Amino acid sequence: MTDSIMQNYNQLREQVINGDRRFQHKDGHLCFEGVDLDALARQYPTPFYVFSEPEIIRNIHEIQQAFAAHKNTKTFFASKTCSVMGVLKAIRDAGICAEANSQYEVRKCLEIGFRGDQIVFNGVVKKPADLEYAIANDLYLINVDSLYELEHIDAISRKLKKVANVCVRVEPNVPSATHAELVTAFHAKSGLDLEQAEETCRRILAMPYVHLRGLHMHVGDQVPESEPFAKATKVLVDESRRLEEVLGIKFDLINVGGGIPVPYKYDDENGDPLKDNMYAGITAQDFADAVIREVHKWRTDVEICIEPGRKVTGSAAVLLTEVSCEKRKTNYDLNGNVECHVEWKFVDAGYSVLSDSQHFDWFFYVYNASRMTAAHDAWIKLAGPLCDGGDYFHMGVKGEEFLLPKETHVGDIVAFLDAGAYTIESQTVYNNRPRTGVVMIDKNGDTRLIRREDSYEDMVKYDIY
């Protein structure tokens, strides 16, 4: 069993460097869009993230092509996925819009060049100041999450004498086979009950400055099958059709949210996406087909809004971290008998840098970028630098064990693949370790720093003492 796992992992490593559009190898090193990652890691302090603008563009084109059968589709990048300004700029330059979940996310999108009418505002808590900022800046949509919020929108729009364009977010009551904390359409905190949709729409229609555009939902994140998207879209379509009839209106759009998965495990023949959603299970085309099929049973002229995040940036980044310490330890049973010996490799990135590895037990392919063409044939445990017993990487190739070359030593650079979604956004400064820098590989293959590592001065400048 162990031999077959090792063989499979090394076959995948060969596929990564010889058949993946993102990766290559040179002088034994892993290259990302032609950039030698071992050499790059000597230019900047590790750990840091490396983004690929070409991969962002490819992912956006894949989504757009998937919706080619419905030309009237508008794509809003879920900026909570990664709101580094250089990444937002690449996404803006690629020609799509943005979705935000806080006033500061809205402000960042505006500052990088998105117009107000290219931004959708989501969230379960939008304070009056947030709503006033959104309405004042003429956002494309505010997705209303509660009647309480709606009353604030009404009052603020009257005060400003400005139109507030809104959708009503409803919960379609459709579960999905993803991580429990990523389900947002079944027993979730977001949205109104479907039964409240009519009352909410009637209230909006009586508000002088609030313009009702349609209904909104979001099924979940990293959903590995198309059926929940089809079911939830049908719920939204059926309710939209009914509301148009009973209210005598015509909706401008239907917003189906995001949730297109990214493959974190590539060996599809060995996994079941419904049991392990690290396998993507479906493509952007499958998502689009499920949505369009249901929408077209209602109308073909209505605008479809989508809010992908992970699908845009997930595969577009790697995390580079240096092997900074190593040791061999012995595990004993309670009677003092030797159970096994464990080879530990310590890298300078812990769960403060890559929190999903612990909080969601997320799987990432981990390779020695300095020795990428060498067989990864040694079982090791991989840990971070934090003063915390839980700061080690739990989701290995076999249980908690990872594979690296036997000759892996201190100073080697380790790469975590597919690290572009919900990673930088969730970093902390636990142990007063700095948040990482970010490097961008642009369309020409040139690299530039788009976010520097935190300095000591950054750590203390907010304290008052």
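Every residue, even glycine, has its Cβ placed from backbone N, Cα and C.
Feature annotations, courtesy of Swiss-Prot:
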MOD_RES   Lys80  N6-(pyridoxal phosphate)lysine
BINDING   Gly259, Glu307, Pro308, Gly309, Arg310, Tyr422  pyridoxal 5'-phosphate binding site
ACT_SITE  Cys387  active site, proton donor
Can you grab the distance from Pro308 (pyridoxal 5'-phosphate binding site) over to Cys387 (active site, proton donor)? Cα atoms, rounded to a whole Å. 36
What kind of secondary structure is Lys80 (N6-(pyridoxal phosphate)lysine) part of, going by DSSP in three states? helix
Other than Gly259, Glu307, Pro308, Gly309, Arg310, Tyr422, which residues of the same chain sit close to pyridoxal 5'-phosphate? List them in sequence order, counting a residue when its Cβ is within 8 Å of the Cβ centroid of the site. Ala78, Thr81, Asp221, Gly258, Ile260, Lys311, Val312, Ala421
In whole Å, how far is Gly309 (pyridoxal 5'-phosphate binding site) from Cys387 (active site, proton donor) when you measure between their Cα atoms? 32
Quick one: of Lys80, Arg310, which of the recorded positions has the smallest count of other CB atoms within 10 A? Lys80
How many Å separate the Cα atoms of Arg310 (pyridoxal 5'-phosphate binding site) and the residue listed as 'N6-(pyridoxal phosphate)lysine'? 10
Considering only the binding-site residues Gly259, Glu307, Gly309, which fall within 10 Å of the residue listed as 'N6-(pyridoxal phosphate)lysine' when distances are taken between Cα atoms? Gly309
Using Cβ atoms only, which residues of the same chain lie under 8 Å from Tyr422 (pyridoxal 5'-phosphate binding site) while being at least 6 residues apart in sequence? Lys80, Thr81, Cys82, Gly309, Arg310, Asp356
By a 10 Å Cβ neighbour count, the lowest-scoring of the binding-site residues Gly259, Gly309 is Gly309
What's the longest C-alpha separation between any two of Gly259, Glu307, Pro308, Gly309, Arg310, Tyr422, the listed pyridoxal 5'-phosphate-binding residues, in angstrom? 15
